Amino acid sequence: MGNSSSRGRSKPGQGHGSKVAPSSSAGEQSQQKTFKWSIDGFSSLLGKDAGWTYSRVFEAMGHNWYLKLNPRDKKSSGSKEYVSLRLELANSSLKSDTVVDASFKLLIYDQSFGKHSEHEVSHSFQTASTSTGTSCMISLGKLKKQSSKFLLNNCCVFGVEFIKVTTLKANTTSETLFVQKTSIFNEAKTYTWDIDDFFALKNPGYSPEFEVGGYKWHIIMYPSRDGNHLSLYLKLKKTNDLPSDTANLVELTLSIKDQETGKHRKGTGRCQFTKNARTWGWSKFMSLEDFKNSANGYLVKTKCCVVAEVAIVGSSKME
């Protein structure tokens, strides 16, 4: 999943980068940069469906990154839940002919005793590998233990500490994400986009605008992306009301209806919308072959139906 017109998720456009020699000096390599991500209302996040929650895109060491958190991850064998954290390189920092070699620590902060949970990682980021593998940091049970102080006053603090990156930049940023409890004030709203003639749709095609949480939105569909995939995105209409240092955490589900059996194709995520990251979605939502197969019921003659479920479930502020 991703943001902006150049980003599409679940994974960005696949490709193969060619490795280049590091260009940073020894002085630059000795510098470290840290991004801290405080999640206030952590119990509310645990009460939501399992899956990944994204930080905003932040700049560090000359590149744009974001963290992904799954507080209820499971290993392939067993039902025990783990807190998993990943670092991803944003598409805005990707070039097909470069590799970003990075060494860093993923952290969960012990807020009283400083006995942080650390996981050191080295990874070569490129278009074909923008994300570190799943890092099951600690069990959810351990995080919730009173003696650990990872969870304090319903707040957890996660972070990444960079050790070495091929191109360095002296910037440090931090973000606090507040996750709200579900209520009648932030419950999901549903918008249905009925498309009468899919083959007449522009590339991209925009739905009529609709309102959720006081903001205007569009669904964007690319009928053909990468030659053989249909892409779907949710876009926040440009607004001057959102300060540059704040963001809205949005829980979204985009669906293409199966008009025959009701087995709809869905994509779900929790993403942060800002002035500079107003579009999130999936570049490879489904293959055109599956979409156009009449047996699947997604395209009936020329008609299809796209549904967006959208709720603003939190907010964040940069410091």
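Placed from the backbone N, Cα and C atoms, the Cβ positions cover glycine too.
The feature region 'Disordered' is assigned by TrEMBL to 1-30.
Feature annotation from TrEMBL assigns compositional bias 'Polar residues' to 21-30.
If you look up TrEMBL, you'll see 32-162 (among others) marked as domain 'MATH'.
TrEMBL lists 188-310 (among others) with the feature domain 'MATH'.
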Completion exercise
Secondary structure split (DSSP) over the domain 'MATH' (188-310) reads 11 helix, 71 strand, 41 coil
Practice task
With DSSP as the yardstick, break the domain 'MATH' (32-162) down into helix, strand and coil residue counts.
Solution key: 13 helix, 68 strand, 50 coil
